[in-house]
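K.L.:
This is the structure, below, for whatever I ask next.
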Amino acid sequence: MSSESKEQHNVSPRDSAEGNDSYPSGIHLELQRESSTDFKQFETNDQCRPYHRILIERQEKSDTNFKEFVIKKLQKNCQCSPAKAKNMILGFLPVLQWLPKYDLKKNILGDVMSGLIVGILLVPQSIAYSLLAGQEPVYGLYTSFFASIIYFLLGTSRHISVGIFGVLCLMIGETVDRELQKAGYDNAHSAPSLGMVSNGSTLLNHTSDRICDKSCYAIMVGSTVTFIAGVYQVAMGFFQVGFVSVYLSDALLSGFVTGASFTILTSQAKYLLGLNLPRTNGVGSLITTWIHVFRNIHKTNLCDLITSLLCLLVLLPTKELNEHFKSKLKAPIPIELVVVVAATLASHFGKLHENYNSSIAGHIPTGFMPPKVPEWNLIPSVAVDAIAISIIGFAITVSLSEMFAKKHGYTVKANQEMYAIGFCNIIPSFFHCFTTSAALAKTLVKESTGCHTQLSGVVTALVLLLVLLVIAPLFYSLQKSVLGVITIVNLRGALRKFRDLPKMWSISRMDTVIWFVTMLSSALLSTEIGLLVGVCFSIFCVILRTQKPKSSLLGLVEESEVFESVSAYKNLQIKPGIKIFRFVAPLYYINKECFKSALYKQTVNPILIKVAWKKAAKRKIKEKVVTLGGIQDEMSVQLSHDPLELHTIVIDCSAIQFLDTAGIHTLKEVRRDYEAIGIQVLLAQCNPTVRDSLTNGEYCKKEEENLLFYSVYEAMAFAEVSKNQKGVCVPNGLSLSSD
């Protein structure tokens, strides 16, 4: 999309003294459809509306020094009073604010219904995503249970569902696998030690001095990463550095999730085929995994393959029906739970594990394991991994909470959301859990089934508690291929983003490129590197946009004080001898040369004019030998007898957000070059920040502050008045464009 179609309107305050009511209530412009510039010129004898200078008095800045500022801040934040203590407690525990006001009659039915449905959906997904995180199934149930309870206490969003999220599970799984390899564990060390660990004992590996087996060490790594990620999130909330999420644009997050979805799909392929393959990590793991899959395709377990196909044939159409008829269905069909129950019964009574060597979930213990402190020795190894995990987690949580709050007309506190998601990771990390965040799919289900408040999270937790205390062992015979299918089917939303690309391309090609770069790097390199590449590329695109910004000459809309781009609109009026130039970007060291070249190209190049004058003077010298004083006299005569048509350049600064020292120096240089050939430079519509920069940078002297105007129209009127006062003859028809 060209910037001309989005040019800003520069509307100056009309002269109230004139009482002019002749302006039309609406301004109609016709977009320029042709390559040639079509505009009208004022006649030379036209009179500009009477010129009156706009004067605005600036607010006086307080002279508070740094010491006084610090003292005031400390007094404000460090005072202890009953009222302040109460506000702090209520702010940290939002449940104490809204729960006493809970409307039981109005909200209870919707909250219970949505909580039940989300809980039913979470049971199979929690078990399935545990495999993605490299953990035993019970740990996924723990994670969803504790996250639901803690967010109920600390969260400010009424609608988001906090629990396991596929992309974070993938990132946890990659870290866990790497640490398992570093510790010397391999696929052979997968003894079912959950029952032993749950009884408080440890298992000694016969080949080493390890204090626990592979699954025990895996959750140790996962809980340590989760603890550090939670600490990062709480620290970001405490220091109010949520601005980090600003660098994660919607295009970047969408591309990252889509790229990670390919990695998730790839990691689940071995379960669908029943292959016993090592999990690959690092750069290019997606390609390496598929190479391993095709090399071992002849070892496919037909029982697992048939089960996977049958589950896909049931899950995909039903999920599509749920989505297509969600407005007519009171609640989505819990097809995942139906498939899990049916597959578990078929596997148990058909003895698929014993007869066909089908891989199953295995023993899932009931109850809760004793809390355990994260492994401090692992912190140096996983601290860097936790940075990306924490940023993705809070960015998705905050963006979803703000989106649904806006939709339903209430507000959320971004910092409190960071506290909430941080403690949803810190506290559960002591109870054998891994990282959580909000998830869009479950949040949409929660909203569509009548959720009103955070109380629905308690109902979800009760459903999970029932499974943990009673039902969990019944999933012993559940095939892992079924869990893999559930994981893959839930990737539909992320993979459908490809359908949005044509629309995204028509809106912003730059965002589309960011999406592709982030998606490809996340899929082909790794999730962490993909996120880093996406952030760096987004920042590069921002710099690129300001390095080569759009600029244009402006014309006056007839019978108004509105100025628009002559290259975008037709029938705009151009005042002879005055060029109005708009630069759509901050003016700083990166784009200063672009500013000068665009200005010189679209108006007149003062350097070329001075060179032409010098050449003309030299020709005069060759024709007639004169003294040095004579040369100066001849040049002065030459200049006075060949006046330029262009006498004023007005720079519209409305789109210039800020200036740096290089930008101020560039404006000084431009002004000096133009004044050398008799053209005055005026600045219009400078915001207060730009005005302060110009004043501090000594762009003009105190008596020259009249060269800064509050509107483009005011600057144009001033230029005409000053030209008429000087009595300069302005010839018509002379073009000075340097094109």
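Positions of Cβ are set from backbone N, Cα and C atoms, glycine also.
Pulled the feature table from Swiss-Prot, pasting it below:
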| type | residues | note |
| --- | --- | --- |
| REGION | 1-27 | region 'Disordered' |
| MOD_RES | S12 | phosphoserine |
| MOD_RES | S16 | phosphoserine |
| TRANSMEM | 112-132 | transmembrane segment |
| TRANSMEM | 137-157 | transmembrane segment |
| CARBOHYD | N199 | N-linked glycosylation site |
| CARBOHYD | N205 | N-linked glycosylation site |
| TRANSMEM | 219-239 | transmembrane segment |
| TRANSMEM | 242-262 | transmembrane segment |
| CARBOHYD | N357 | N-linked glycosylation site |
| TRANSMEM | 378-398 | transmembrane segment |
| TRANSMEM | 420-440 | transmembrane segment |
| TRANSMEM | 455-475 | transmembrane segment |
| TRANSMEM | 524-544 | transmembrane segment |
| DOMAIN | 568-719 | domain 'STAS' |
K.L.:
Please determine whether the transmembrane segment (219-239) and the transmembrane segment (420-440) are in contact (criterion: at least three Cβ-Cβ distances under 8 Å, sequence separation 6 or more).
P.N.:
yes
K.L.:
Using Cβ atoms and a strict cutoff of less than 8 Å, what residues sit near the transmembrane segment (378-398) while being 6 or more residues removed from its termini?
P.N.:
160, 162, 165, 167-168, 171-172, 174-175, 179, 182, 220-221, 224-225, 228-230, 232-233, 236, 242, 244-245, 248, 253, 256, 414, 417-418, 420-422, 425, 435-440, 527-528, 531-532
K.L.:
Residues of the same chain, at least six outside the transmembrane segment (137-157), with any C-beta under 8 angstroms of its C-beta?
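P.N.:
92-95, 122-123, 125-131, 163-164, 194, 219, 222, 361-362, 364-365, 368, 400-401, 404-405, 411-413, 416-417, 419-421, 423-424, 427-428, 431-434, 436, 438, 454-455, 457-458, 460-461, 464-465, 467-468, 472, 475, 483.
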K.L.:
Any idea what DSSP makes of N357 (N-linked glycosylation site), helix, strand or coil?
P.N.:
coil
K.L.:
How does the model score the domain 'STAS' (568-719) in terms of mean pLDDT?
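P.N.:
When the pLDDT values over the domain 'STAS' (568-719) are averaged, the result is 80.
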K.L.:
When you measure from the Cβ of N357 (N-linked glycosylation site), how many other Cβ atoms are you left with inside 10 Å?
P.N.:
12
